[in-house]
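**Q** Swiss-Prot lists these features:
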type     : residues                   : note
ACT_SITE : His75                      : active site
ACT_SITE : Asp120                     : active site
BINDING  : Tyr55, Gly57, Gly59, Asp76 : Ca(2+) binding site
DISULFID : Cys54-Cys145               : disulfide bond
DISULFID : Cys56-Cys72                : disulfide bond
DISULFID : Cys71-Cys126               : disulfide bond
DISULFID : Cys78-Cys119               : disulfide bond
DISULFID : Cys87-Cys112               : disulfide bond
DISULFID : Cys105-Cys117              : disulfide bond
SIGNAL   : 1-19                       : signal peptide
Amino acid sequence: MNPAHLLVLSAVCVSLLGASNIPPQSLNLLQFKDMIRCTIPCERTWGEYADYGCYCGAGGSGRPIDALDRCCYVHDNCYGDAEKRNCNPKVVSYSSKCDKRTLFCYDAPGSCARFVCDCDRTAALCFGDSEYIGRHKNIDTKRYCQ
């Protein structure tokens, strides 16, 4: 084999090995975002729900500080239940529809996709029904979430 071809092949192999260590992107996050958009008031963006309270966003600890934060707490627990079923909620794709602030999940009942869709649907509907309190965004979690 030509040394130049061997060098290129080696570089590709090294790149693929490095890429295999990169965690998968949260494919489901895009679907969850669409569900949230379906249920929240127009003046809010879905991004306002990240880093809200003790549970909306990455991780979570302590007691939820309000009803909206409780939605995230329940959602986190639902994802935990999905993982116990060997279902990765952060990467599974599901079939859903939004129609006039109503959400529908279409995957087969009992399937991983349906379970995750139901987790996201329940949380998004909860977001739509809960008051957003601006001062609970970006709170000091070390102080309020222990």
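In case you wondered, yes, glycine gets a Cβ from its N, Cα and C as well.
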**Q** What count of other C-beta atoms do you get within 10 angstroms of the C-beta of Cys78 (disulfide bond), across all chains shown?
**A** 18
**Q** Under 8 Å Cβ to Cβ from Asp120 (active site), same chain, six or more residues apart: give me those in sequence order, or none if nothing qualifies.
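**A** Sequence-distant Cβ neighbours: Asn28, Gln31, Phe32, Met35, His75, Tyr94, Ser96.
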**Q** Nearest to Cys119 (disulfide bond) by Cα distance: which of the binding-site residues Tyr55, Gly57, Gly59, Asp76 is it?
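**A** Closest candidate to Cys119 (disulfide bond), judged by Cα separation, is Asp76.
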**Q** In whole Å, how far is Gly59 (Ca(2+) binding site) from Cys105 (disulfide bond) when you measure between their Cα atoms?
**A** 26
**Q** Filter the disulfide-bonded residues Cys56, Cys72, Cys87, Cys117 down to the ones within 10 angstroms of Cys126 (disulfide bond), Cα to Cα, kept in sequence order.
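**A** For Cys126 (disulfide bond), the disulfide-bonded residues whose Cα atoms are within 10 Å come to Cys72.
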**Q** Spatially, and counting Cα to Cα, which of the recorded positions is closest to Cys72 (disulfide bond)? Options: Cys54, Tyr55, Gly57.
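**A** Result for Cys72 (disulfide bond): the nearest of the recorded positions is Tyr55.
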**Q** Provide, as an integer number of angstrom, the distance between the C-alpha atoms of Cys117 (disulfide bond) and Asp76 (Ca(2+) binding site).
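**A** Cα of Cys117 (disulfide bond) to Cα of Asp76 (Ca(2+) binding site) measures 13 Å after rounding.
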**Q** Just name the winner among Gly57, Gly59 (the binding-site residues) by count of other CB atoms within 10 A of its CB.
**A** Gly57
**Q** Counting Cβ neighbours within 10 Å across all chains shown, tell me which of the disulfide-bonded residues Cys71, Cys105 comes out on top.
**A** Cys71
